[in-house]
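What follows is one structure encoded as structure tokens, with my remarks underneath.
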Amino acid sequence: MAKKSMIAKNKRPAKYSTQAYTRCEKCGRPHSVYRKFKLCRVCFRELAYKGQIPGVVKASW
């Protein structure tokens, strides 16, 4: 879990466009964030297993 100060800092607009970085909307994790869903891989997997992300199904072949 990210510190509250880091989450608040991320919500502010960056001074320069290169300073902006993605953070998970649910837990605030800065690494391995899927831009399309704005979730980290851990949160994405949890929500996908629960069926809370529409259109996402477990792959089987």
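Every residue, even glycine, has its Cβ placed from backbone N, Cα and C.
Over in Swiss-Prot, the protein carries these features:
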- CYS24, CYS27, CYS40, CYS43: Zn(2+) binding site (BINDING)
Under DSSP, is CYS24 (Zn(2+) binding site) helix, strand or coil?
coil
Suppose we draw a 10 Å sphere around the Cβ of CYS43 (Zn(2+) binding site). How many other Cβ atoms does it contain, all chains included?
20
Residues flanking the Zn(2+) site, with Cβ no more than 8 Å from the Cβ centroid of CYS24, CYS27, CYS40, CYS43 and excluding those residues themselves:
GLU25, LYS26, GLY28, ARG29, VAL33, LEU39, ARG41, VAL42, PHE44
Least surrounded among the binding-site residues, given as CYS24, CYS27, CYS40, when other CB atoms within 10 Å are counted:
CYS27
